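Encoded as structure tokens, here's the structure I'll be asking about.
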Amino acid sequence: MGFVSLLHLHYVLPPFSLHTCFYSGFVPVFVYAIFGSSRQLAVGPVALVSLLVSNVLGGIVDSSDALYTELAILLALMVGILECIMGLLRLGWIMRFISHSVISGFTTASAIVIGLSQAKYFLGYSIVRSSKIVPLIKSIISGIDGFSWPPFVMGSVILAILLVMKHLGKTRKYLRFLRAAGPLTAVVVGTTFVKIFNPSSISLVGDIPQGLPTFSIPKEFGYVKSLIPTALLITGVAILESVGIAKALAAKNGYELDSNQELFGLGVANVCGAFFSAYPTTGSFSRSAVNHESGAKTGVSGIVTGIIMGCALLFMTPLFEYIPLCALAAIVISAVIGLVDYDEAIFLWRVDKKDFLLWTITFVATLFLGIEIGVLIGVGVSLAFVIHESANPHIAVLGRLPGTTVYRNKEQYPDAYTYNGIVIVRIDAPIYFANISYIKDRLREYELEVDRSTRRGPEVDRVYFVILEMAPVTYVDSSAVQALKDLYHEYTSRDIQLAISNPNRDVLLTLSKSGLVDLIGKDWCFVRVHDAVQVCLQHVQTIKETSKTTADPSPQEKPSLLQRLLRQHGEGLSIPELESGYQGQSISSTETDPQLEPLLSRKS
């Protein structure tokens, strides 16, 4: 399938550079098969990179000048070095931000665009080169007067043969070989028909340069500085396209893709290719699709492709001159049909509307704005979702599950009950500068929005205690620490005590070093939420009894919450009685639960 590139590049590069196109599909294929990580990715010349090379170099030198080819080869070397550096520095993690929804939307839209781009070989007239659907459709409609029946009929028949062979290969195990034999069958049928009937209305591949590339060192290094922006652009587009395709194929075939190795493999392929007269290469969408549909399972498929490409360049170029372009177009269309992932869109709609929105944005952007812009928009929106989720973390109000000492989200467990005067809040994310403001706002809401329908314990008129369950919090930064201090002072001014439960070691160390633990008080740091609730219940009872027995003093004399707590002399209800809201005779505090587990040692 190395010659499928000719469909895209026969009119992208100037005629004298056609040999560079074929050389790009020879040496890099072998190198990538050794160093790359994808088992189905077909490396070689692609239309998108070819257009970038052609547009940029066309502004520097005339396409008829030999310098044009030299600069294209130099670009391959520069792109390869950049990709190798990214791989060696293990910058493949950047590709983790390309979510499956982005890849699926990009794959589906690209398949449609590439399929439409092959329509000219079916219709018999030229259409505009574009990676956007609107210009393609306009060009197809405007040129309808040039429609020719012979290539349309021949292409449709070959496409039907390919689809039938693919279906039989998928549904019947003993006919699996038909999937791999499909493209070869299309080429043989088309070439045989042309050799026998020699129809003048069916376009053929035509003359192909013969011979293998020779070793040569890239030249014209004086242009390196002016080509750096172009090399960066091509590197970014090539990586996004190649890794996106490779990840999609890896997901379809059930294995993990090593992004760092992928970058390094692409880089080495480009560097080696530059020494054999190749211009920038990357993973080809259409050839990779054909590779996948043919049942390729390992990198050996790339080596076999390279060997066949070498033999073809040496001995078979006269035979390939008679391949009908409509037959090659049928191979591409049959391959990309399987990449239209509408099932994924339906699944995302049912499971996660946000991911469906991301899929839709990527799909529409790729379809109407182009492949590279579509991927960039998809990645950008995906990052925006990540930032939004990070800045607006999930926060849950906890309640106690009946008959246990376990506290869970009340929205998930409606039977869980809470206690009067106490709010238990769990923060399910790291606390840092981007989300602390949102967390403070939500805590204020929970303080005011009190659901009394499921509350137990001594009846009080407002919240006196806020317990932060910090088990899910993996990190706090300095901004978060300062905001928690401000929150503590704000609570204190309203007679509310802040308590902390179950922070991990690193978080506790940060809170201790910052002085927050000393500010809150070690007595208000607990291992378990239940321990904190027991202590708070006793204080709530004390506050209630104090409010009954003490006359209401003037505002200047009104004691604060902490002062009222200090007046406690060790008397109170037992924990079970407090939890049930029992208002009977108080008993000694020595009968309370002796198994409270303080996080830090108590002050005597």
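Each residue, glycine too, has its Cβ placed from N, Cα and C.
Annotations for this protein, taken from TrEMBL, read as follows:
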type: TRANSMEM; residues: 16-35; note: transmembrane segment
type: TRANSMEM; residues: 42-61; note: transmembrane segment
type: TRANSMEM; residues: 67-89; note: transmembrane segment
type: TRANSMEM; residues: 101-127; note: transmembrane segment
type: TRANSMEM; residues: 147-165; note: transmembrane segment
type: TRANSMEM; residues: 177-197; note: transmembrane segment
type: TRANSMEM; residues: 227-250; note: transmembrane segment
type: TRANSMEM; residues: 262-279; note: transmembrane segment
type: TRANSMEM; residues: 299-315; note: transmembrane segment
type: TRANSMEM; residues: 322-340; note: transmembrane segment
type: TRANSMEM; residues: 356-387; note: transmembrane segment
type: DOMAIN; residues: 412-536; note: domain 'STAS'
type: REGION; residues: 576-604; note: region 'Disordered'
type: COMPBIAS; residues: 582-593; note: compositional bias 'Polar residues'
Should anything in the same chain at least six residues away from the transmembrane segment (67-89) have a Cβ under 8 Å from its Cβ atoms, list it; otherwise answer none.
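Long-range Cβ neighbours of the transmembrane segment (67-89): 14, 16-17, 20, 24, 53, 57, 60-61, 218-221, 223-224, 227-228, 230-232, 234-235, 238-239, 260-275, 277-281.
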Taking DSSP states H, G and I as helix and E and B as strand, how many residues of the domain 'STAS' (412-536) are helix, strand and coil?
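Once the DSSP states are binned, the domain 'STAS' (412-536) shows 54 helix, 25 strand, 46 coil.
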Which listed range (101-127, 177-197, 227-250) shows the maximal number of Cβ pairs under 8 Å with respect to the transmembrane segment (262-279)?
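If we count Cβ pairs closer than 8 Å to the transmembrane segment (262-279), 227-250 scores highest.
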Output the single range from 101-127, 177-197, 356-387 maximising the number of Cβ pairs under 8 Å to the transmembrane segment (322-340).
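Looking only at 101-127, 177-197, 356-387, the most contacts with the transmembrane segment (322-340) come from 101-127.
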Using Cβ atoms and a strict cutoff of less than 8 Å, what residues sit near the transmembrane segment (177-197) while being 6 or more residues removed from its termini?
1, 154, 158, 161-162, 165-166, 168-170, 204, 290, 293-295, 319, 322-324, 326-328, 330-331, 334
Restricting to the domain 'STAS' (412-536), report the mean pLDDT as a whole number.
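Mean model confidence (pLDDT) across the domain 'STAS' (412-536) is 88.
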